[in-house]
Structure formats: C-alpha cells, structure tokens
Amino acid sequence: MLEINDFSAIRISLASPEDILSWSHGEVTKPETINYRTLKPERDGLFCERIFGPTKDWECYCGKYKRVRYKGVVCDKCGVEVTRSKVRRERMGHISLASPVSHIWFVKGTPSRLGLLLDISPRNLERVLYFASYIIVHVDEEVKAHRREALQAEYREKRERIQAEAESRQIELSTQLTQDLGGMESAQLSTQRRIEEEYRRLRDEISAEAERLRTDLEEKQGEAAEEDIIFRGTVLVEEGESITEKTLDALDELLDQELETLEQRKQRDLEDAEQLTGAERERKEYEASQERERLQERLQSELDRLVREEKERLEQLDSIKLKRILNEQEYRALREIAPGAFRADMGAGAIRDLIVRTVDLDKLAEELQNEVYTTQGQRRKKATKRLRVVEAFRKSGNRPEWMILTVLPVIPPDLRPMVQLDGGRFATSDLNDLYRRVINRNNRLKRLMELNAPEIIVRNEKRMLQEAVDALIDNGRRGRAVSGKGKHRLKSLSDMLKGKQGRFRQNLLGKRVDYSGRSVIVVGPDLKLHQCGLPKKMALELFKPFVMRRLVEKGAAHNIKSAKRIVERVRPEVWDVLEEVIKDYLVLLNRAPSLHRLSIQAFEAKLIEGSAIQLHPLVCAAFNADFDGDQMAVHVPLSRKAQEEARMRMLSKYNLLSPATGDPIITPSQDIVLGCYYLTMVRDGAKGSGKMFASIDEALLAYDKGLVDIQAPIFVRMTGTLHGESDRPVRILNSDENGAPRMLLETTIGRIIFNNELLEPLRFRNRLIAKKGLREIIADCYKYYTNLNNLTEADLDTIRTMYGDRPRDDLARYFGSEMTASQADRIKTLGFKYATRGGMTIGVDDIEIPPKKQEILAEAEKRVAEVERQFRRGLITEEERYREIVEIWQNATKQTTEAVKQYLNPFGPVAMMVNSAARGNINQLSQMAGMRGLMSDPTGRIIELPIKSNFREGLSVLEYFVSTHGGRKGLADTALRTADAGYLTRRLIDVAQDNIVTIDDCGTDEGLWIYRSDDREVLQDFEQRILGRLLAAPLVDPRTGEVLADRNAEIDEALTRRCKELGIDAVYVRSPLACKADYGICRMCYGRNLATGKLVDIGEAVGIIAAQSIGEPGTQLTLRTFHTGGVASADDITQGLPRVQEIFEARTPKGKAILAEIDGIVELVREDEVRKIRVVSTDLYTDDHVLPPHYEPVVADGAQVNEGDVLAQSNRADLDSEPIVARLAGVVRIGAGQISVINEEREVREVIAPHTARLAAGIENGARVVAGQHLTEGSADPQELLALQGREAVQRYLVNEAQKVYRSQGVDINDKHIEVIVRQMLRRVRIEEPGDTDYLPGELIDSTEFVRRNAEIISQGGEPATASTMLLGITKASLTTDSFLAAASFQETTRVLTEAAITGKVDYLRGLKENVVIGKLIPAGTGIEKRRQLAEEVIGELANVVPTSTAVVEQERPEREADEALRRRLRALIGSDDNGDEVGKNGEFADETPFTGDSDDRDNEI
C-alpha cells in the first residue's frame, strides 16, 4: 500500500510484461466467477480466492484456518492466504495471452502512436492487426541476393534455349527451301523435254501427212479432182479443179505455215512452263521468308516476355522490404518467387516482432531530426510528429514493444464486484463479462494451437482475441460495441475512467461523505448571522458518535454499546448531552448548485424543533436561496483542524464581501428593506408635523406618548456629524466643547429610531433609506472597523483576547466582520419589526390604472393607421412599415409606464416596494397597471401586434396566446442557459485551478495601463477599476510632478479619490497578465483580495475564485440577442452567454469585423457591385546630393530615374571629376545647390467588404488607420488581433469584451478575475526554431519554462529557441496543462492518459485537482502553511546532519541512508504537502468514530 504522504509527484508510464507479472498474484485461467450452488468463488476463475485473497476476514476458502491468529498462513489445502478480505481490493491477477495483442489506445488514438512509430498508415496498421493483411517482418538479404542471381540465371538460360530453338528452325527452313527449289528445277527440265518431244511428234505427223498428200497430188497432177482436197483444214483443190504445180507449191506453203505455227505454239508452251516454275519458286521463297519473319517475331516476343517477366519478378523481389503490407495474393506470389528470403506475418505478434527487430530509437531520432532540419512542408510536419513520439519513448524509458500486450492484467475483484439481488439473481460488473470473453477466446486459441489447427482457423481466433481485448480496454472504439444482455453497451475500463460517471469525476473529485444530511430550509428571523437552526433529530444523527462518547464520559453509559442503545432509543438525557456537544461545533451548510465559494459556509448550530433547517435571511443572497422549497445539505467538519479552518475561514460572518466584486453580499433585502424604507419616509402633514424638540430623547418620548407620528417631519436639536447628503433642511447652530457641530435638523421619529440602531461611527443618516442605502451602511461599517487607523490599542487588545495573537491585519478583518455582522443583524431585526408594524401588503386595489392610458393608446392607434395608409399607397416599404409600427408601440408602452409612475401613490405599498427596491420594478408594475406592450415570437422577432391590456384588466384570448410565446421562450432559454453556464464554469475552473498565490513578488517591471477613456466602453468607473491594484510605476501628479505613491503601493480609496480630484486619466498597475511567477501568481501582481479588502495572502486559490466569479453570474446572462428587424444586420452580433464562450474559447466571432492589416490611409473602392476597402501604406526615402559649383544637372526636375543613372556632371572639361549618380530609383527634385531622388514605396492591402457590413466609426476615404484597427463594425477575431497588434492588445481586448457582456446585463465582476483567465489562455508559446534546446518545432511550451530554458542555453553559449505566443481557448488550455491528472479528469480522458503514458509524464501535484484526486491536502490556504512548516522542520533537521548541497547524489554507503531519507522528505514537502489531522490522530474519538467514506479505494482505482 502507498503511504499517502510519502510522495511529491506521480508518474504514469507503459507497463512492461514483467511489471504486470510482478503485480499479479496468480494467473486467471478459467472464465468462471462463482459456483451457483455454494456461491463461493471458483478456483482459478475471475474471483479465485487463491489469487485475490479470502472473501471473509482471516478465513481460508476451505475453512481449515479461521481467526486472526493464523495471519499470513497459506492454507496447504486450498492455497488461500489467511488475511483481511480488503486485499481483494488491491490484489491483481493476470492472463497469459496465447498470442500478443495490441493496446487499442495506442492504435486507434489520433494520431496513432504505433502507426507513427513504424511509419505505417493507421488503415494499413489496422488491416495487419486484424488479420486482413500481411506485413513483412524480416528480410534475409543474403537469400534475397541468391534468389536474385538464381532468377537472373534461370531467365538467361530460358533466353538462350529459345534463341537456340529459333536458330535450328531457321536452318530447317533454309534446307527445305533449297530442296524445294531443286525439285522445281528438275521438274522444269522434264516439262521442256516433254514439250519438245510432243512437238517433234506433231511436226513429224504433219510432215508425214504433207508427204502423203504430195505423193497423191504428184500422182494425180494434171487431173481434175474428184472431191475437195483439204490439208489441215485448208482446201487446196476444189472438186472438179485440176491439180497443178501451183497446187504443190500451195501445199508447200501451207506446210511451212503449219510448221511455223507449231513452232510458235511450242515456244509459247515452253515459255508458259518456265513462267509457271518461276512463279512457284517465287512463292516458295516468299513463303520461306514469311516463315522466317514470323519465327523472328515469335522469338522476339518470347524474349520480350521473358525480359518483362524477369523484370517483374526482380521488381517483386526488390519490393521485399521491411514493413511492406501484402494481401493474400501478393503474399503467395512472393512466397513462390522468393521462398526463405522473407518472413511475413499478421496480427499484433507481427507488429511486436517488427518493433523488437527494427526500432532503434536513438538511430531513428537522429534520422528524423535530420529530416526535420532538411525538409519542408508536409514531410517536415510528418517527421516532427514522428520525432515527438520517438523522443517521448527515449526520454520516458518506455519500450515501444510494451504497446503490444503479451500479458493482460486482471483488476482486483472487489473493483468489479458481483452482488446477489433480492430475487436470488446476480448483478455483475460489465468488466467480468468482458474478461470472460477474453479468457474464453484465449483458452480456445491455446487449444487450437496445440492441435495444430489450420492456419485460417487459428488466425480467426487470434483476431477474435484481439477484438475481445479491445472491447475490454475501450469498448466501441473500433467497430460495433460489444453489448450484453438487454442490448446495453458493456462498460469497458476506459468507460470506467471517462465522463461524469467515470472514476475521476464521480469518485475522486467528488465523493459522498458521512456525517451529512439534507433538509428543506425555512427562514430564521431570530438567528444571529453566524447561526443556523438545526433540527434536533438531524443533529442527533449527525453527532451520534460524539454524543455516545460524552455519555460514556459522564457515566450515563458503561460502554459504547450501551451508549449507542441510549441514543437509538432517544432517552431524555440524550438531548442535554447533544446541547453540550453541539456547543463547540460548527456545521457546514451547502446549497446546490455550488456556483461559488459562498455556496458552502459554516454556521454555529442552534437546536430547534421540527424537521426544517433554519437559515438566516441575510445569507440567502450568497447561497442564492429562497424559501419556496429549497433544500440544503449539512456537513460536520470532524477533526480539530477542520473545525478551526471552518471557524476562521468559512464562518458566515467572515464572508461578508463578494469575492467577485468586493461589495457586501449580506445586503438586507425585501421585507427588511421595506421596513427601513417605511421607517425613514417623511409624510408631510402627518400628526405632529413641524414640532420642535430639544433632544432626540424628548422626541422619542413624544412618540411614545402618541403625540407625534413616526413619519411626521419634526425639528430636533442634536450634536454630531451627518453621513452623506440630507434630504431635509439642516441648520448648524454652534459647536460643542469637542468641536462637534450642534445643529437643528428636520427629520422624523422613524429616522431617529433607525439611526439609534446604527453603530456610533455610522450615524447620522438623514435621508430616505432604500436598498442601496442599506448596502452602503454595511460597506461603510466594514471599511471603518477593518481600518487599523480607526482602532485604538485598547480595541486591539480586546480583539486579541477574542482571536488570539494574530497579525494586525487579520485582527482588523475579524473585528470588522464581527462588528458588521452585528450591525447587519440589528438592521435585520429593525426592518422586520417595522415591515410588520407598517402592515405593507399588496392587493388588487393597489394596482391603479392611469386615466391617461386610453389617450396614449388612441394616439398610437391613429399613428399606426397613418403608417398603414402610407404603406398601402406604396410610399414606404414593408420593412419600414414594420419598423415604424414597432417604434410607435414601444413609445406608447414607455409613455404608459411614465403615466403609471406619475399616477402612483408614493405612500402606497406598491410604490414603496418598487421605490425602495425591495421587490419588483416599474416595468413589472407597468405590465400590471399600464399595458404589456410588444412580445417576441419564437424566433425572437417582435410581433407588431401589441398587448394593450394589463394584468389588472385581464388579457383577451388572442393577447394571452401572443404572450405565451415570450413566456415559453423565457423558460426554454433559462433551461439551456443553466446547462451552458455550468459547463462554462467547469471549463474556467479547469483552466485556472492551478493559479494559486505562491510568492510575494515576481519582480516584473511590466504591468497594465488602465485608461479613463475605456470607461464608456466597459461601463465602469475608472476609480472602481484601479481600486485595490498595486502600482507598477510611481503615480505622479500631472501638474506638479509630485510623486503621489511609489511603485508597489496599493491604490486604496483615498488614492482613488485623489486621482479623481487631480484628473489623472491613466495609471500603470500590476496585473496578473504581466506576472512572471513560475507557478501560480505573486501577491503584488494580484493586489487586493476582494473578499477581505486586504492584500491577497499567499495560498489564496485566485484561479478558482476567478473562475467562480465569472461562472456564477453566467446564468443571469441572456442566451442571445433578439433583433428587431426581420433581416439580420451587421450589428446583430452575438451577446450574452454565447459571446462569453466565444471570448474565452478564442473562437472566430460571428459577425467578425474586418481589421486593418497594416498602418496606412483608407481608400473605399466599388468595382462591379463589390465594395472594397483598401489600406495603402506609403514610405518615402530621400537621397540628397549637394551640387558642387561647377556641376550641372543632366536630368529635368520631376524626371523618373533608375539606380545608377547620372544625375549631374561637371561642366569643366579641364577637371577630371566623377559624375553624380542616383543611388536609388525615384523622382528627381532639383533645389538650390542640391539634387534629390525621392523614392516612394507603396504597400497595398485590399479586402472585400460584405454587403451587410457597416463601416466602423471614422472609416472614410483618406482616414488614417493603424494595424489591427476595425474597418467594419463587429467583434475582432482575437487570433487576428494577436498577429497584428501583439499580446498586450489581445489581452486588453479579451478583458474589455468580456466585461462589456457582463456589465450590459448589470453584472459586476472585477477585471482581475478575467485577467487571471486570459493569462492562462496566453501561457503557451509555439516553438518555431528549436535552436540548441531539445524542443521540437510546433511544440507547445509554457512561456515561463521557455524563457528559463532559453536563459540556460544562452548562458552555455548555445543558440536559443524562437517561439510565437499562442492564444488558446480555455478547453484547449486546460488540456495542455502540465498536470495529466487535472487534464484527464477534465475531458478526453483516454487521449490525455495515452499521451501521458507514452511520454512518461510526471505530475508534480502543483494544482488543486490533482491533489484532490489522490487525496492529499491541497496546496492552497491552510494547506500551503502546513507545507511550509513541515519543510522548515526538515530543513532544520538537514542543517544539523549534512552540509547544504544542491545536487542530489545516489548514495551507496549505508550510513548515508538516513540523510537520503531526510532529503526525500524535504523534496516531498517542498513539492507536496501533508494530509493534516485525520480522524483519530488526536485520540479524541478514534475508536468510536470510524470514517466510513469510500476513501480507501482511491489508490487502487486510479
């Protein structure tokens, strides 16, 4: 167990598997919880006693060992250690995972830490982790190189084989062609021979035939032919002709012709045969060449294919690189190409493997640093992000592989309990269901792996295990959320931490406590300011242990047990003892919502009958309580220290002033005001008017005798001074022996009675006393009695006897509070008495309707009819008609209100209530007696139909309907506003919670100028704004130069009066905005604590006060403005609460104003229906040259020249002189004896003004503006203002803008509260160039830390970092705080914790929230004093033991261990605190009053 005071800081980091195992008391292997029959935990299950400890104190599981005497024994039978059952809240178990799983925070966070570290996109990382893709985790370069060579050789061989095949085919083709051609040659020859032979045969036949015919003819020569003689178709001799020699000649001719024809035919046939053969040869050759080409192409394409294939496969081989993501197909292909060259895997195991093998943080950091310095744009941005993660791991000592879990811790069973319900069923924490899923899947996976199941089944089981662990850590972060029975989403470990119901906000920052109760409140008019009425029954229950102890002490009971019985039976003696006990005790009363510190105050309890708590009427304002059914809670501070603190700091009579404004918060109101107003009224003509009395006593005697009315004006002689103006004549007669004036005063008996109730220094006030007057009396009383100058030493001695020996300032404050409280009580009693005596009440007849009302309405209706007529005639637009009518009715309502006011009887009860500000105002009265007027519709637009009736007359149905809009809107707005205001308060608290006054003076020379000219803008007096500040520079009389006050002097009331008299318009004051304290704020910069009227004390939690002061009135702010027109105009800017949020979140405002970007002159331009505003900045540079006597200009006046042009040269040829040359381009100006070149540099910035935008006041053509000045109306964007005008301008702007909103709603808040918040918004700087620091570009650093680090670097001769001021909204600022506990308990818990764990963040517990979370005394108020005392004690011890040294050295020798322990204590105390007195430390009621709050679970449940 942690000893609560033994540490000064808390560190969060990643847990290694060894850490998890070292925490664990055993492995949970079964998903079972408890046995349904025995209802005892199952062995090795989620509630196993052997692992987590026994369920009953000092008793083992099997019952072998019972009682405390066996403490520490481990049962040999069931293995359970005999110890207390509360160890089940502390002891953890573990689950050994069959396969590593990733921690979802580091995978799915933005940015993904795992992804950044490995340079893998979140999408790819997710695909690997959830078994959708492979990742290469190892590459064997040697095998890869061998495989490359083998591939190249294989393809080389393939190429050669194909080429060889192609060559052999070529040879084949050539041989075939040769053969074919040879065959054709021989065929041709045989054809020729055949033709030759054929024709030879034919010739022989013809010749033979001719020979035969010749022979015949020769034989028959001279004879006549018997028939036609024919030769080859030609008739030689016709029948009957004689055969002659000619006939033979003709035959010879015919024979020759025939043979010649035959020869020709032969030649032709031979030619044909030859041609045929040639064609065939050509065909064959062509076919062969085509075949060869085809073969070549095939070869080439095959070779190309091989080259491509080889290239692809080599590329695939080269693509085998670490971290490459592969899908199933790619993985298979690569495995074929390069078996053994790489190893790819899926899931968290693969990622872990990759981290262990490849991530060398030092080397990676070096590479990334180089990249950051050498690249630009997106690459630099990414490198910076990665470097941030790498540096976080390096500095924190975390190992990246710890982001992957191999062992899963199981939280103690009592933190995830299982309880039996009435019906015998069990209710269990969702965590048990989630753990059960993990265990089931893990066991199934182990079994599958043992069985060597197919890869796909194992893979699926691993994915399911990963999803189960994800659901356990953060259900719903990825994919669909796991839901239990009844479809509700199971609450995971992350859900246990985050949100309003999470561990931080529900159990650590606010706990339900014992010794508390609540009841309805009723008014207690007879109580003193510091008292409350506590019902007896309630008190008895609250103080039960104290009563029991006193009963035993008095002997009324023998022991605690019998005392308890007596109390429970409520015997009569119990009440006396209770009276005795309660006498010394204070109780705390609290009314929710606790919007500021005055919502919890301490009171002395006064026992009363009944069941309601009685509350003093004057503290109602602080609690914002009324008696219409409000409830309040009562708490009892237990320890002496708590009682003392409640008495000195929380008692209601010491909380008279509001911490937000410094005004009294216990101002009398309502009946009291009415009573005092009635008492101090003058009624002319009342009984006894005008009588004269020699003294006050004489006048009172006359009143007692009934001779004078209480309100009758009378004349009284009296001695003394008047306070303030008198509303009746005063005549100074003379002075008494002490110099006090004697006067004759016109006053009333009522005023005499009233003044008699005032303390001596506050008399005599001779005027009508309303609410404001009573507030002044309370304020004056407090100021008078807390001013040490007004107290004598005798007074101080009296005070010392009451409060002990304390600082004089404290004594004055306590005494002033005491006197003011008693004065307030006297006024309260008087007010109630005369409110009763006066009998003021309200009846229907008191509401009198003014006769002028009908006239006003008739006149308004007449004017409206005229406007309508003009509209119908087309003289005015719809918009103008609407505006006119609204204005007419608003004026009518105003006139009616005036008439009501005039017609009112000033002595009537209604008028008295309104005029005294006791209740109600004239507008409400006007609605009752005048007219209700105009109403808004649901959109906020004013309905032009007025409600002419009032409540006295009653509304018509239509009027009632119209008025419901406004009513409903009011209610809806209020509901929305309350939630918004609450959230704003929470953000403000978070951003400012570590702002505590830590030192006296930070020593800064900087401050803040407060100008009288700002008064109009922020609606507050200059004097009011400087009051309570400390001067940052001496204040000087502007006329004489006399120093009125030195630097660091407080501006008190006297000095503000002096400033007003001398007309001083600006004062340079210390401000939280300029404070340079390393942690918190210094007293000088903060100035006066408004709640005490004195300089703030060290330890005051000014941040919390500021946040409460701004947040508490938030509900009063209207939600949004209603504009009168239908169309939004540029002045329809956000107001009220949304505007406050806009300011504090540093958002771009709605209706943003255009600002001048540079100093210059305005030009208004209109181009193509577009309005442009141009700002032109002109800079003139002049280059003058003196002209020597013999020089003449060579350029004309007004000429344009360039740099290097000749301007003048010598007119004497005998002199060898240089010409005068222009040193810059520009226009020439020639003067007497000199020549100048004037260069004009123009810079132009142009913006387009929207049509709706209206120009800001004073913006016209030729107007001179400065950078950051408004060109159009609207709110400036604070980020733009910061860039243009710098830090101071934006600070002033934010403070003034916030004040405008609050003041316009009549809410007073002191500037310094807003300044505290604005300071937090501007605390950070963004690193631009890191120089020699170890910062990273873009990192957000605390400005004081930045300055300190740079100073160190400069002192070592290094190059400092550069940075720009950042303006962060309060939400962002809260999340960038140095304390991870504060940030995690605010918002985005998982993101904050993820970041903090990786960086190994250390929380030095400097703020309030972090100390509350871990249950330590807060470093504020009395906590800070306790710290200092203890630190001084330890320093004293150290001074006696060791020489002082700043270095903390690791001591190895045993004799130094004691010194080191002392050092540790000192460190713990200086940076932390002590827990104060706990119940029982004083030995008062240690046995009888165990504190039964849930405090002992805080360590385990973080």
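Every residue gets a Cβ built from N, Cα and C, even glycine.
The Zn(2+) 1 binding site annotation in Swiss-Prot covers Cys60, Cys62, Cys75, Cys78. Around Cys78 (Zn(2+) 1 binding site), a 10 Å sphere centred on its CB holds 16 further CB atoms from the protein chains shown. DSSP classifies Cys78 (Zn(2+) 1 binding site) as coil under the three-state reduction.
As annotated by Swiss-Prot, region 'Disordered' applies to 265-293 (among others).
As annotated by Swiss-Prot, compositional bias 'Basic and acidic residues' applies to 279-293.
With a cut-off of 8 Å between CB atoms and residues at least 6 apart in sequence, the same chain places Val520, Ile521, Arg591 near Asp630 (Mg(2+) binding site), listed in sequence order. Per Swiss-Prot, the feature Mg(2+) binding site maps to Asp626, Asp628, Asp630; the stated evidence is sequence analysis.
Residues within less than 8 Å, Cβ to Cβ, of Cys1085 (Zn(2+) 2 binding site) and separated from it by at least 6 positions along the same chain comprise Cys1002, Thr1004, Leu1030, Arg1070, Ser1071, Pro1072, Ala1074, Cys1075, Ala1077. Taken from Swiss-Prot, the feature Zn(2+) 2 binding site applies to Cys1002, Cys1075, Cys1082, Cys1085.
For 1472-1502 (among others), the entry in Swiss-Prot reads region 'Disordered'.
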How many of the residues that make up the region 'Disordered' (265-293) does DSSP mark as helix, as strand and as coil? 29 helix, 0 strand, 0 coil
With the cut-off set at 10 Å between Cβ atoms, which of these binding-site residues ends up with the most neighbours? Options: Cys60, Cys1082. Cys60
Compare the Cα of Asp628 (Mg(2+) binding site) against each of the binding-site residues Cys60, Cys75, Cys1082 and report the nearest. Cys1082
For the binding-site residues Cys62, Cys75, Cys1002, Cys1075, the largest set of other C-beta atoms within 10 Å encircles the C-beta of Cys1075
Translate the DSSP assignment of Cys1082 (Zn(2+) 2 binding site) into the three-state scheme. strand
What is the nearest of the binding-site residues Cys60, Cys62, Cys75, Cys78 to Cys1082 (Zn(2+) 2 binding site), using the Cα of each? Cys60
Looking only at the binding-site residues Cys60, Cys62, Cys75, Asp626 (Mg(2+) binding site) has its closest CA neighbour at Cys60
Those binding-site residues listed as Asp626, Asp628, and which of them has the most Cβ atoms within 10 Å of its own Cβ: Asp626
Around the recorded Zn(2+) 1 site, report the further residues of that chain (criterion: Cβ within 8 Å of the mean position of the Cβ atoms of Cys60, Cys62, Cys75, Cys78; site residues excluded), sequence-ordered. Glu49, Tyr61, Gly63, Lys64, Tyr65, Lys77, Gly79, Val80
Other than Cys1002, Cys1075, Cys1082, Cys1085, the chain contributes near Zn(2+) 2 (Cβ within 8 Å of their centroid) the residues Ile999, Asp1001, Thr1004, Arg1070, Pro1072, Ala1074, Lys1076, Ala1077, Ile1081, Arg1083, Met1084, Tyr1086
Listed in sequence order, residues not in Asp626, Asp628, Asp630 with Cβ within 8 Å of the centre of the Mg(2+) site Cβ atoms: Ile521, Ala625, Phe627, Gly629
